[in-house]
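Down below is the structure, laid out as structure tokens.
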């Protein structure tokens, strides 16, 4: 069966989240750190954000219910931020500069 690219990307995102989340379907800080370092090393190094403070802040910002874990919806919000930053870079904005596009 030929899976269209968009569907494959979505299925891969779901699988990535499940790989790093716990049995409760949520991801704690160690899981988020591992996921980011293993799957987004260029983003982290390009933004010079590979330190724990950035990841702690990302978890805190996206943790809407303040349970110190990221559910799937919160995780998608984080991925949205990363995707927006990559889009800005494609339009000549410096990585993580906060510029608009």
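Just so you know, glycine gets a Cβ as well, placed from its N, Cα and C.
Feature annotations, reproduced from Swiss-Prot:
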DOMAIN    13-48  domain 'EF-hand 1'
DOMAIN    50-85  domain 'EF-hand 2'
BINDING   63, 65, 67, 69, 74  Ca(2+) binding site
BINDING   87, 91  Zn(2+) binding site
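What Swiss-Prot annotates, mapped onto the structure for a quick look.
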| residue | record | DSSP (3 states) |
| --- | --- | --- |
| 63 | Ca(2+) binding site | coil |
| 69 | Ca(2+) binding site | coil |
| 74 | Ca(2+) binding site | helix |
| 87 | Zn(2+) binding site | helix |
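Around the Cβ of residue 74 (Ca(2+) binding site), a 10 Å sphere holds 19 further Cβ atoms from the protein chains shown. Put simply, of the binding-site residues 63, 67, 69, the one whose Cα is nearest the Cα of residue 87 (Zn(2+) binding site) is 63. In terms of local Cβ density within 10 Å, 69 ranks first among the binding-site residues 69, 87, 91. In this view, residue 65 (Ca(2+) binding site) is surrounded by 9 other Cβ atoms within 10 Å of its Cβ, with every protein chain counted. Once Cβ contacts within 10 Å are tallied over all protein chains shown, the binding-site residues 63, 67 are led by 63.
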